[in-house]
Amino acid sequence: MASSFDPYRQNLTFHYANGTPFNVSVVELNDWIQNHIKVSINYGAQLGASIIALAVVVSLSRWEKRRMPVFFLNTFALAVNIARITLLMTYRTTHWVHPYSRFSGDFARMSAKDYARSVLGTIISWILLATVEISLLIQTQILCANLPKLQRLTLLAVSSMVALVAIGFRFGYMVVNCIQIMKASSMANYVWFSKATHTTLTISMFYFSVIFVIKLGYALVTRRRLGMTRFGALQVMFIMSCQTMIIPAIFAILQYPLNDLAFTSNVLTVVVIFMPLSAIWASVATKHSFETKDSQPHQYIWSSERRNSISSCPSHTLRSGTSTPPKQVDPLDTQVDASEKV
């Protein structure tokens, strides 16, 4: 007769500090270990992507752009995100996640470094969110600088309110979380606060991205009416704004059915990676593209490539029997290029 005993579902006996035994299911222990493995993989991917993005931004940004506030904010956000993910990863090496501490609730052997690491990680997360919101607020005002004064001030007021609500909720959650960390207590009673914080962040991302998409989409329609249909800086910003809105929104939605995979941390990581990369792409497109109906069919990425091509072509072949007209300047491209200098 086959035994009904399932070794994969047996209980393990642990003992409290006073010797009192308590049981832990193998299933529960395995689920806990698997969850930490999955979360660590997620954090590792975010850390690698952030390091690569920071290296790309620093190495490819033009020197004149590096003195601008937007570049500083975007670069600072990437550096802060690297520190944040590093702290989240090293959290797995502390006594907070020791099997005995986890299942017994006994954190008597927690060191001061363990507490400091957790508190610092919570504070850095708030700093990152505040940096992202400020950067988005500045870029929104730059993009809409040509609006009438009343509309611009109204937009500034609404945008500031949206950003401050997200920053304020995150600040309050940070304070509560730090208090609970120092008490070695659970955040189970503050689940509503966590959800409210994530909701305000998601709304903020949607709000700023919708402004970018609408403003840039209108600019693209205007360009097409002027006959400027070539791929350039505005198209880049339009694509990246849509991407910055959709992909973080996907992660924000996935955090609810897949909360054990820490998808919440991916939202800010995706945003801080996309913002500086879109600026670099748009800067290259603005500098090296000629977006008029009379422009040449080939777009040059490197300026030396274009110089070589022009020098190898006789001047009379550029415009059959006529002198080459001066390059047309797109005022919309000028606006985008000026926005990158803030």
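Here the Cβ of each residue, glycine as well, is placed from N, Cα and C on the backbone.
Residues or ranges marked as transmembrane segment in TrEMBL: 43-63 (among others). Tertiary proximity for the transmembrane segment (43-63) is limited to same-chain residues at least six positions away from its ends with a CB under 8 Å from its CB atoms, namely 71, 74-75, 78-79, 81-82, 85-86, 88-89, 262, 265-266, 269, 272-273, 276-277, 280, 283.
Positions annotated as transmembrane segment by TrEMBL: 70-91 (among others).
Beyond its flanks by at least six residues, the transmembrane segment (123-143) meets 69-70, 73-74, 76-77, 80-81, 83-84, 87, 152, 155-156, 159-160, 163, 166-167, 170-171, 174, 178, 201, 204, 208, 211-212, 215-216, 268, 271-272, 275, 338-339, 342 of its own chain at Cβ-Cβ distances under 8 Å. The annotation transmembrane segment is assigned in TrEMBL to 123-143 (among others).
What TrEMBL records for 155-176 (among others) is transmembrane segment.
Under the heading transmembrane segment, TrEMBL lists 196-221 (among others).
Here TrEMBL flags 233-256 (among others) as transmembrane segment.
Feature annotation from TrEMBL assigns transmembrane segment to 262-284 (among others).
Taken from TrEMBL, the feature region 'Disordered' applies to 306-342.
Marked as compositional bias 'Polar residues' by TrEMBL: 309-326.
Note on the transmembrane segment (155-176): residues 122-123, 125-126, 129-130, 133-134, 136-137, 140-141, 144, 147, 187, 190, 193-194, 196-197, 200-201, 203-204, 207-208, 211 of its chain, located 6 or more positions outside it, place their CB under 8 angstroms from a CB of the stretch.
Listed as Cβ neighbours of the transmembrane segment (70-91) (distance under 8 Å, sequence separation of 6 or more from its ends, same chain) are residues 40, 43-44, 46-47, 50-51, 53-54, 57-58, 61, 97, 117-118, 120-121, 124-125, 127-128, 131-132, 134-135, 138-139, 142, 262, 265, 268-269, 272-273, 275-276, 279, 340, 342.
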